[in-house]
(Lines of atoms letter the chains of each structure in order from A; the text may use other names.)
(Lines give C-alpha, C1' and ligand atoms only; values in the text may rest on other atoms or scores of the structure.)
Protein backbone atom coordinates (compact mmCIF):
# COMPACT_ATOMS: atom_id res chain seq x y z
CA UNK A 1 0.00 0.00 0.00
CA UNK A 2 2.97 2.27 -0.62
CA UNK A 3 1.89 5.75 -1.60
CA UNK A 4 -1.61 5.25 -0.24
CA UNK A 5 -3.05 7.94 2.01
CA UNK A 6 -6.26 8.73 3.93
CA UNK A 7 -8.77 10.45 1.67
CA UNK A 8 -10.07 12.48 4.64
CA UNK A 9 -7.03 13.73 6.58
CA UNK A 10 -4.32 13.23 3.97
CA UNK A 11 -1.93 11.24 6.17
CA UNK A 12 -0.16 8.33 4.50
CA UNK A 13 0.08 4.77 5.71
CA UNK A 14 3.36 5.45 7.53
CA UNK A 15 1.67 8.02 9.80
CA UNK A 16 -1.33 5.96 10.94
CA UNK A 17 -1.90 2.56 12.53
CA UNK A 18 -4.21 1.34 9.81
CA UNK A 19 -5.58 2.42 6.45
CA UNK A 20 -8.82 0.83 5.25
CA UNK A 21 -9.52 0.68 1.53
CA UNK A 22 -12.87 1.52 -0.05
CA UNK A 23 -14.10 1.56 -3.66
CA UNK A 24 -12.52 3.85 -6.29
CA UNK A 25 -9.18 4.14 -4.45
CA UNK A 26 -10.75 5.85 -1.43
CA UNK A 27 -9.08 5.18 1.95
CA UNK A 28 -9.83 6.04 5.56
CA UNK A 29 -7.44 5.80 8.51
CA UNK A 30 -8.20 4.50 12.01
CA UNK A 31 -7.92 8.00 13.51
CA UNK A 32 -10.56 9.43 11.17
CA UNK A 33 -12.83 6.48 11.95
CA UNK A 34 -12.49 7.23 15.69
CA UNK A 35 -13.13 10.92 15.04
CA UNK A 36 -16.26 10.27 12.97
CA UNK A 37 -17.51 7.76 15.54
CA UNK A 38 -17.17 10.40 18.28
CA UNK A 39 -18.95 12.96 16.09
CA UNK A 40 -21.84 10.58 15.45
CA UNK A 41 -22.15 9.78 19.15
CA UNK A 42 -22.12 13.49 19.95
CA UNK A 43 -24.83 14.13 17.35
CA UNK A 44 -26.97 11.36 18.83
CA UNK A 45 -26.59 12.81 22.31
CA UNK A 46 -27.64 16.23 21.04
CA UNK A 47 -30.64 14.64 19.31
CA UNK A 48 -31.68 12.86 22.50
CA UNK A 49 -31.26 16.06 24.52
CA UNK A 50 -33.38 17.99 22.01
CA UNK A 51 -36.08 15.31 22.18
CA UNK A 52 -36.20 15.59 25.96
CA UNK A 53 -36.40 19.36 25.41
CA UNK A 54 -35.48 21.81 28.12
CA UNK A 55 -35.38 20.20 31.55
CA UNK A 56 -38.44 21.55 33.42
CA UNK A 57 -37.83 23.05 36.85
CA UNK A 58 -39.09 21.14 39.90
CA UNK A 59 -42.01 23.59 40.18
CA UNK A 60 -42.93 23.03 36.52
CA UNK A 61 -42.73 19.25 36.92
CA UNK A 62 -44.96 19.35 40.01
CA UNK A 63 -47.45 21.64 38.26
CA UNK A 64 -47.82 19.01 35.52
CA UNK A 65 -48.15 16.22 38.08
CA UNK A 66 -50.88 18.23 39.83
CA UNK A 67 -53.00 18.02 36.66
CA UNK A 68 -53.16 14.25 36.93
CA UNK A 69 -52.57 13.32 40.56
CA UNK A 70 -54.64 14.44 43.53
CA UNK A 71 -52.91 14.84 46.90
CA UNK A 72 -49.52 13.24 47.58
CA UNK A 73 -48.00 16.73 47.79
CA UNK A 74 -44.80 15.66 49.53
CA UNK A 75 -44.18 12.74 47.16
CA UNK A 76 -44.71 14.97 44.12
CA UNK A 77 -42.20 17.53 45.43
CA UNK A 78 -39.59 14.88 46.25
CA UNK A 79 -39.99 13.25 42.84
CA UNK A 80 -39.88 16.57 40.99
CA UNK A 81 -36.60 17.54 42.62
CA UNK A 82 -35.09 14.06 42.13
CA UNK A 83 -35.99 13.93 38.43
CA UNK A 84 -34.75 17.48 37.84
CA UNK A 85 -31.43 16.70 39.52
CA UNK A 86 -31.10 13.43 37.62
CA UNK A 87 -31.42 14.94 34.14
CA UNK A 88 -29.39 18.00 35.14
CA UNK A 89 -26.62 15.56 36.15
CA UNK A 90 -27.01 13.58 32.92
CA UNK A 91 -26.70 16.52 30.55
CA UNK A 92 -24.08 18.45 32.52
CA UNK A 93 -21.85 15.36 32.58
CA UNK A 94 -22.13 14.41 28.92
CA UNK A 95 -18.70 15.81 28.08
CA UNK A 96 -17.41 16.60 31.55
CA UNK A 97 -14.47 15.04 33.35
CA UNK A 98 -15.16 17.12 36.45
CA UNK A 99 -16.92 16.02 39.65
CA UNK A 100 -19.25 13.10 38.97
CA UNK A 101 -22.67 13.51 40.56
CA UNK A 102 -24.23 10.26 41.76
CA UNK A 103 -27.54 8.94 40.46
CA UNK A 104 -30.71 9.88 42.31
CA UNK A 105 -32.78 6.69 41.96
CA UNK A 106 -36.09 6.93 43.81
CA UNK A 107 -37.86 4.49 46.13
CA UNK A 108 -41.63 4.99 46.44
CA UNK A 109 -43.31 3.49 49.49
CA UNK A 110 -47.07 3.52 49.91
CA UNK A 111 -50.24 1.44 50.14
CA UNK A 112 -51.73 -0.27 47.09
CA UNK A 113 -53.59 2.06 44.74
CA UNK A 114 -52.03 5.33 45.93
CA UNK A 115 -50.50 6.16 42.54
CA UNK A 116 -46.89 4.93 42.66
CA UNK A 117 -46.82 3.54 39.12
CA UNK A 118 -48.92 6.40 37.80
CA UNK A 119 -46.52 9.01 39.21
CA UNK A 120 -43.61 7.41 37.35
CA UNK A 121 -45.61 7.12 34.12
CA UNK A 122 -46.65 10.79 34.17
CA UNK A 123 -43.05 11.87 34.89
CA UNK A 124 -41.86 10.06 31.76
CA UNK A 125 -44.65 11.68 29.75
CA UNK A 126 -43.69 15.16 31.00
CA UNK A 127 -40.03 14.62 30.08
CA UNK A 128 -40.72 12.85 26.76
CA UNK A 129 -38.43 9.92 27.58
CA UNK A 130 -38.93 6.16 27.08
CA UNK A 131 -40.68 4.53 30.02
CA UNK A 132 -41.05 0.91 31.05
CA UNK A 133 -42.61 -0.98 33.93
CA UNK A 134 -40.97 -4.15 35.20
CA UNK A 135 -42.31 -6.47 37.89
CA UNK A 136 -39.77 -7.53 40.50
CA UNK A 137 -41.73 -10.64 41.50
CA UNK A 138 -40.57 -13.04 38.71
CA UNK A 139 -36.92 -11.96 38.92
CA UNK A 140 -34.39 -14.52 40.14
CA UNK A 141 -30.62 -14.59 40.25
CA UNK A 142 -28.72 -16.29 37.43
CA UNK A 143 -28.96 -20.07 37.37
CA UNK A 144 -32.49 -20.33 38.74
CA UNK A 145 -35.89 -20.59 37.06
CA UNK A 146 -37.35 -17.15 36.46
CA UNK A 147 -36.36 -13.91 34.73
CA UNK A 148 -32.86 -12.44 34.62
CA UNK A 149 -32.50 -8.90 35.97
CA UNK A 150 -31.36 -7.76 32.50
CA UNK A 151 -34.97 -8.26 31.37
CA UNK A 152 -35.78 -5.10 33.34
CA UNK A 153 -33.63 -3.13 30.87
CA UNK A 154 -35.09 -5.10 27.94
CA UNK A 155 -38.53 -3.62 28.76
CA UNK A 156 -37.07 -0.14 28.31
CA UNK A 157 -35.35 -1.09 25.06
CA UNK A 158 -38.68 -2.34 23.72
CA UNK A 159 -40.38 0.92 24.77
CA UNK A 160 -37.68 2.84 22.86
CA UNK A 161 -38.13 0.65 19.75
CA UNK A 162 -34.61 -0.69 20.37
CA UNK A 163 -33.06 2.77 19.96
CA UNK A 164 -30.25 2.10 22.45
CA UNK A 165 -29.11 5.72 22.73
CA UNK A 166 -32.62 6.93 23.50
CA UNK A 167 -33.29 4.09 25.93
CA UNK A 168 -30.18 5.07 27.89
CA UNK A 169 -31.94 8.28 28.99
CA UNK A 170 -35.24 6.64 29.93
CA UNK A 171 -37.05 5.80 33.15
CA UNK A 172 -37.65 2.28 34.48
CA UNK A 173 -40.27 1.68 37.16
CA UNK A 174 -39.72 -1.56 39.09
CA UNK A 175 -42.99 -2.58 40.73
CA UNK A 176 -43.45 -4.81 43.79
CA UNK A 177 -39.87 -4.15 44.87
CA UNK A 178 -40.79 -5.15 48.43
CA UNK A 179 -41.34 -8.72 47.18
CA UNK A 180 -37.57 -9.22 46.78
CA UNK A 181 -36.88 -8.48 50.44
CA UNK A 182 -35.11 -11.29 52.27
CA UNK A 183 -37.64 -13.65 53.79
CA UNK A 184 -35.65 -13.81 57.01
CA UNK A 185 -32.90 -11.64 58.50
CA UNK A 186 -30.95 -14.81 59.30
CA UNK A 187 -29.01 -16.63 56.55
CA UNK A 188 -30.47 -20.06 55.79
CA UNK A 189 -29.15 -23.20 54.17
CA UNK A 190 -31.50 -22.75 51.21
CA UNK A 191 -30.65 -19.92 48.80
CA UNK A 192 -33.26 -17.16 48.74
CA UNK A 193 -33.33 -16.90 44.94
CA UNK A 194 -36.13 -14.33 44.90
CA UNK A 195 -34.70 -12.20 47.70
CA UNK A 196 -31.13 -11.25 48.50
CA UNK A 197 -29.78 -12.87 45.32
CA UNK A 198 -31.98 -10.64 43.14
CA UNK A 199 -31.02 -7.56 45.12
CA UNK A 200 -27.34 -8.37 44.57
CA UNK A 201 -27.95 -8.93 40.85
CA UNK A 202 -29.71 -5.57 40.51
CA UNK A 203 -26.98 -3.53 42.23
CA UNK A 204 -24.76 -2.96 39.19
CA UNK A 205 -27.67 -2.10 36.89
CA UNK A 206 -29.05 0.41 39.40
CA UNK A 207 -25.70 2.09 39.97
CA UNK A 208 -24.65 2.16 36.33
CA UNK A 209 -23.01 -0.50 34.20
CA UNK A 210 -22.81 -1.80 30.65
CA UNK A 211 -25.58 -4.40 30.75
CA UNK A 212 -25.70 -7.28 28.27
CA UNK A 213 -29.38 -7.33 27.36
CA UNK A 214 -30.88 -10.35 25.57
CA UNK A 215 -33.23 -8.97 22.86
CA UNK A 216 -35.33 -12.14 22.90
CA UNK A 217 -35.70 -12.36 26.65
CA UNK A 218 -32.77 -14.38 27.89
CA UNK A 219 -32.82 -17.95 29.07
CA UNK A 220 -34.95 -19.53 26.33
CA UNK A 221 -32.54 -18.20 23.67
CA UNK A 222 -29.03 -18.80 25.07
CA UNK A 223 -27.18 -18.21 21.78
CA UNK A 224 -28.62 -14.83 20.83
CA UNK A 225 -26.40 -11.79 20.43
CA UNK A 226 -26.63 -9.41 23.38
CA UNK A 227 -27.30 -5.67 23.11
CA UNK A 228 -25.02 -3.53 25.26
CA UNK A 229 -26.88 -0.84 27.21
CA UNK A 230 -25.23 1.73 29.48
CA UNK A 231 -27.48 2.13 32.53
CA UNK A 232 -25.60 5.06 34.10
CA UNK A 233 -28.14 7.62 32.87
CA UNK A 234 -31.29 5.52 33.26
CA UNK A 235 -33.43 6.71 36.17
CA UNK A 236 -34.75 3.83 38.25
CA UNK A 237 -37.88 4.34 40.32
CA UNK A 238 -38.88 1.38 42.48
CA UNK A 239 -42.17 1.07 44.30
CA UNK A 240 -43.86 -1.22 46.76
CA UNK A 241 -46.53 -1.37 49.45
CA UNK A 242 -44.07 -2.78 52.02
CA UNK A 243 -46.81 -4.43 54.11
CA UNK A 244 -45.68 -4.65 57.71
CA UNK A 245 -43.04 -1.91 57.44
CA UNK A 246 -45.22 0.34 59.57
CA UNK A 247 -44.80 -2.05 62.53
CA UNK A 248 -41.00 -1.80 62.28
CA UNK A 249 -41.24 2.00 62.18
CA UNK A 250 -43.65 2.14 65.12
CA UNK A 251 -41.47 -0.10 67.27
CA UNK A 252 -38.45 2.10 66.59
CA UNK A 253 -40.33 5.34 67.30
CA UNK A 254 -41.82 3.95 70.50
CA UNK A 255 -38.46 2.67 71.75
CA UNK A 256 -36.73 6.00 71.11
CA UNK A 257 -39.47 8.07 72.78
CA UNK A 258 -40.10 5.71 75.69
CA UNK A 259 -39.48 7.34 79.03
CA UNK A 260 -39.53 10.90 77.73
CA UNK A 261 -43.20 11.51 78.33
CA UNK A 262 -43.96 11.65 74.61
CA UNK A 263 -47.51 10.86 73.62
CA UNK A 264 -47.63 7.85 71.30
CA UNK A 265 -50.63 7.60 69.05
CA UNK A 266 -52.25 4.20 68.82
CA UNK A 267 -52.29 2.36 65.50
CA UNK A 268 -55.95 3.26 65.05
CA UNK A 269 -55.20 6.96 65.55
CA UNK A 270 -52.34 7.07 63.02
CA UNK A 271 -52.99 6.68 59.31
CA UNK A 272 -50.63 4.35 57.48
CA UNK A 273 -49.16 7.16 55.36
CA UNK A 274 -48.44 9.15 58.51
CA UNK A 275 -46.39 6.28 59.93
CA UNK A 276 -44.50 5.61 56.68
CA UNK A 277 -43.26 9.23 56.58
CA UNK A 278 -40.90 8.33 59.43
CA UNK A 279 -39.15 5.53 57.50
CA UNK A 280 -35.35 5.36 57.62
CA UNK A 281 -32.86 3.26 55.60
CA UNK A 282 -32.32 1.11 58.71
CA UNK A 283 -36.04 0.29 58.79
CA UNK A 284 -35.80 -0.94 55.19
CA UNK A 285 -32.77 -3.09 56.07
CA UNK A 286 -34.70 -4.60 58.96
CA UNK A 287 -37.59 -5.25 56.54
CA UNK A 288 -35.29 -7.36 54.37
CA UNK A 289 -33.49 -5.12 51.88
CA UNK A 290 -29.70 -5.38 52.00
CA UNK A 291 -27.84 -2.15 52.92
CA UNK A 292 -26.14 -1.91 49.50
CA UNK A 293 -29.52 -2.10 47.77
CA UNK A 294 -31.05 0.59 49.98
CA UNK A 295 -27.99 2.72 49.25
CA UNK A 296 -28.77 2.63 45.52
CA UNK A 297 -31.97 4.58 46.28
CA UNK A 298 -30.81 7.82 47.91
CA UNK A 299 -34.24 9.40 47.44
CA UNK A 300 -37.16 7.91 49.39
CA UNK A 301 -40.71 9.23 48.97
CA UNK A 302 -43.73 7.94 50.86
CA UNK A 303 -47.32 8.16 49.70
CA UNK A 304 -50.37 8.71 51.87
CA UNK A 305 -53.23 6.25 52.05
CA UNK A 306 -56.24 7.74 50.28
CA UNK A 307 -59.29 8.95 52.18
CA UNK A 308 -62.87 9.05 50.96
CA UNK A 309 -62.48 12.77 50.22
CA UNK A 310 -59.35 12.05 48.17
CA UNK A 311 -61.19 9.45 46.09
CA UNK A 312 -64.07 11.87 45.43
CA UNK A 313 -61.57 14.42 44.11
CA UNK A 314 -59.79 11.77 42.03
CA UNK A 315 -63.11 10.88 40.41
CA UNK A 316 -63.72 14.35 39.03
CA UNK A 317 -60.67 16.68 39.20
CA UNK A 318 -57.66 15.24 37.30
CA UNK A 319 -57.20 15.84 33.58
CA UNK A 320 -58.12 12.23 32.88
CA UNK A 321 -60.55 11.70 35.77
CA UNK A 322 -62.90 8.73 35.49
CA UNK A 323 -66.01 10.92 35.36
CA UNK A 324 -64.48 13.12 32.65
CA UNK A 325 -63.63 10.04 30.58
CA UNK A 326 -67.21 8.78 30.72
CA UNK A 327 -68.58 12.25 30.01
CA UNK A 328 -66.45 12.30 26.87
CA UNK A 329 -67.74 8.88 25.81
CA UNK A 330 -71.34 10.06 26.27
CA UNK A 331 -70.56 13.32 24.47
CA UNK A 332 -69.51 11.34 21.38
CA UNK A 333 -73.08 9.99 21.32
CA UNK A 334 -74.43 13.53 21.75
CA UNK A 335 -75.48 12.95 25.36
CA UNK A 336 -74.54 14.81 28.54
CA UNK A 337 -73.58 12.80 31.62
CA UNK A 338 -74.22 14.30 35.03
CA UNK A 339 -73.05 12.71 38.29
CA UNK A 340 -74.26 14.26 41.53
CA UNK A 341 -71.90 14.94 44.43
CA UNK A 342 -73.83 12.45 46.56
CA UNK A 343 -73.31 9.76 43.92
CA UNK A 344 -69.59 10.51 43.76
CA UNK A 345 -69.31 10.01 47.51
CA UNK A 346 -71.10 6.64 47.36
CA UNK A 347 -68.78 5.50 44.53
CA UNK A 348 -65.73 6.61 46.54
CA UNK A 349 -67.03 4.79 49.63
CA UNK A 350 -67.51 1.57 47.67
CA UNK A 351 -64.02 1.83 46.19
CA UNK A 352 -62.51 2.48 49.62
CA UNK A 353 -64.03 -0.73 50.98
CA UNK A 354 -62.28 -2.76 48.27
CA UNK A 355 -58.91 -1.78 49.72
CA UNK A 356 -57.16 -1.16 46.40
CA UNK A 357 -57.21 2.63 46.47
CA UNK A 358 -57.80 4.70 43.35
CA UNK A 359 -57.61 1.72 40.98
CA UNK A 360 -60.97 0.50 42.35
CA UNK A 361 -62.75 3.68 41.25
CA UNK A 362 -62.99 2.76 37.58
CA UNK A 363 -64.19 -0.75 38.42
CA UNK A 364 -66.99 0.57 40.63
CA UNK A 365 -67.97 3.19 38.05
CA UNK A 366 -67.89 0.65 35.20
CA UNK A 367 -70.12 -1.78 37.10
CA UNK A 368 -72.63 1.00 37.69
CA UNK A 369 -72.59 2.24 34.08
CA UNK A 370 -72.41 -0.99 32.07
CA UNK A 371 -76.17 -1.39 31.48
CA UNK A 372 -76.56 2.26 30.52
CA UNK A 373 -73.59 2.09 28.15
CA UNK A 374 -75.12 -1.01 26.56
CA UNK A 375 -78.54 0.57 26.00
CA UNK A 376 -77.55 4.14 25.11
CA UNK A 377 -76.62 3.64 21.41
CA UNK A 378 -80.11 2.26 20.74
CA UNK A 379 -81.94 5.13 22.43
CA UNK A 380 -83.04 8.12 20.35
CA UNK A 381 -83.31 11.79 21.35
CA UNK A 382 -81.52 11.38 24.69
CA UNK A 383 -80.30 14.72 26.01
CA UNK A 384 -78.86 13.79 29.38
CA UNK A 385 -78.20 10.89 31.74
CA UNK A 386 -78.11 11.64 35.47
CA UNK A 387 -76.42 9.45 38.10
CA UNK A 388 -77.86 10.09 41.55
CA UNK A 389 -77.11 8.72 45.01
CA UNK A 390 -79.86 6.09 44.59
CA UNK A 391 -78.33 4.98 41.29
CA UNK A 392 -74.88 4.68 42.88
CA UNK A 393 -76.40 2.59 45.68
CA UNK A 394 -77.92 0.28 43.08
CA UNK A 395 -81.49 1.07 44.11
CA UNK A 396 -82.52 2.86 40.92
CA UNK A 397 -81.58 3.02 37.25
CA UNK A 398 -79.87 6.12 35.79
CA UNK A 399 -82.28 8.96 35.00
CA UNK A 400 -82.64 9.44 31.24
CA UNK A 401 -83.73 12.94 30.14
CA UNK A 402 -85.14 13.12 26.60
CA UNK A 403 -84.86 16.09 24.26
CA UNK A 404 -88.02 18.12 23.79
CA UNK A 405 -89.47 17.54 20.36
CA UNK A 406 -89.58 20.60 18.14
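Using N, Cα and C of the backbone, Cβ positions are placed for all residues, glycine too.
Secondary structure at residue 9 (Zn(2+) binding site), taken from DSSP and collapsed to helix, strand or coil, is coil. Sequence-distant neighbours of residue 9 (Zn(2+) binding site) (same chain, 6+ apart, CB under 8 A from its CB) are 29, 31, 32. Residues or ranges marked as Zn(2+) binding site in Swiss-Prot: 6, 9, 29, 32.
As annotated by Swiss-Prot, ATP binding site applies to 111, 112, 113, 114, 115, 116, 117, 118, with the evidence given as sequence analysis. According to DSSP, residue 114 (ATP binding site) is assigned to coil rather than to any helix or strand.
The domain 'ClpX-type ZB' annotation in Swiss-Prot covers 1-48 and is backed by sequence analysis.
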- Look at the binding-site residues 114, 117 and tell me which residue has the greatest number of other C-beta atoms within 10 angstroms of its C-beta. 114
- Averaged across the domain 'ClpX-type ZB' (1-48), what pLDDT does the model get? Just tell me the whole number, please. 83
- Query: Inside 8 A of the center formed by the CB atoms of 111, 112, 113, 114, 115, 116, 117, 118, which other residues of the chain have their CB, for the recorded ATP site?
  - Reply: 110, 239, 303, 357, 358, 359
- Across the domain 'ClpX-type ZB' (1-48), DSSP labelling yields 25 helix, 8 strand, 15 coil
